[in-house]
Amino acid sequence: MVCARAALGPGALWAAACGVLLLTAPAGAQRGRKKVVHVLEGESGSVVVQTAPGQVVSHRGGTIVLPCRYHYEAAAHDHDGVRLKWTKVVDPLAFADVFVALGPQHRAFGSYRGRAELQGDGPGDASLVLRNVTLQDYGRYECEVTNELEDDTGMVKLDLEGVVFPYHPRGGRYKLTFTEAQRACAEQDGILASAEQLHAAWRDGLDWCNAGWLRDGSVQYPVSQPREPCGGLGGAGSAGTGGGTASGGVRNYGYRHNAEERYDAFCFTSNLPGRVFFLKPLRPVPFSGAARACAARGAAVAKVGQLFAAWKLQAAGPLHTAGWLADGSARYPIVNPRARCGGRRPGVRSLGFPDATRRLFGVYCYRAPGAPDPAPGGWGWGWAGGGGWAGGARDPAA
């Protein structure tokens, strides 16, 4: 459920901070680290909400606690009369309902059903436990505590460990509207990246000269090595340190018309629940044979986002061999770069979208969790995610 919410008036602003509280989340969710919670007290002092500043970090498939505690004059009110509500900020003035609790009555909404519940660590704990975290869970959440006519709110940001990757379809560059960019990322096991995620990727070395959509509707691109053919040597429009003149920056086109203008996309993906592996046939296969090859191993042709996640988060090993992916492109991951193998920097190299009838490559496959792992046969080397590169027996009879 998505509803519009008016901006808060001056009377709802919090007063000065009155103290600092050390809040420790469960070890499984926060690895036992302490978070500093700034306690803000309203003018009446009857309802006070406390949340952790900064952000909490998880990954796809993980469990996380969004911390929130409240305090009010217990002598005047009963905890069972307090309503706790969690919403997700989807636009500056639009919120999606996540979870509501009033006394013993609890309800989760939409995709959060079966995954969200209160931590319930004693009176005053409104922290939300979120299980099986998805890519779509990324973003800002508001914790609201209401007691009769008094209420207070706090904000928590949920970040995800993952990787940003640029993407354009077979049709060429600058072919995607904003909606088409959202769909393209989803088809490749990702979501549109946020501006914060793109900036973090730039700081990690991402260098890409083609502008792409981000989830807020802006169009930007990161430049780690400034040069004239790629937005010049910096200056206006760069979000990097020092204006971008010495160390590049994130070039920003601002917010564009999302239904008429066309660009590429910057997608974001996180931890893989399954594993990616490479199949090298005795003879290279055309694209039409890639799906059959993976299906024979209980898998499907890997998506672009799945290959990036395997490269970044599972350190897909040293085999520098191109393979088909589900969108018809051919790519290969590099962890230990060499001058004769795609340059001197790690990454996922792309050979574009070759003629699908040409017998050029092996194929990268993705096997979902719990899928059977048939005995190897008829194929050469294959990567088993998380375990490095492992050889498969060649069986001429298979």
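Even glycines carry a Cβ here, placed using N, Cα and C.
What TrEMBL records for 1-29 is signal peptide.
Across the domain 'Ig-like' (46-161), DSSP assigns 9 helix, 67 strand, 40 coil. For 46-161, the entry in TrEMBL reads domain 'Ig-like'.
Broken down with DSSP, the domain 'Link' (163-269) shows 26 helix, 33 strand, 48 coil. Here TrEMBL flags 163-269 (among others) as domain 'Link'.
Taken from TrEMBL, the feature disulfide bond applies to CYS209-CYS230. Same-chain residues at least 6 positions away in sequence with a Cβ under 8 Å from that of CYS209 (disulfide bond) are, in sequence order, TYR221, VAL223, PRO229, CYS230, GLY231.
According to TrEMBL, the feature domain 'Link' maps to 274-367 (among others).
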Inset, instruction - Using all protein chains in view, find how many other C-beta atoms are within 10 Å of the C-beta of CYS230 (disulfide bond). - result: 17
Inset, instruction - Tally the residues of the domain 'Link' (274-367) by DSSP class, grouping H, G and I as helix, E and B as strand, and everything else as coil. - result: 19 helix, 29 strand, 46 coil
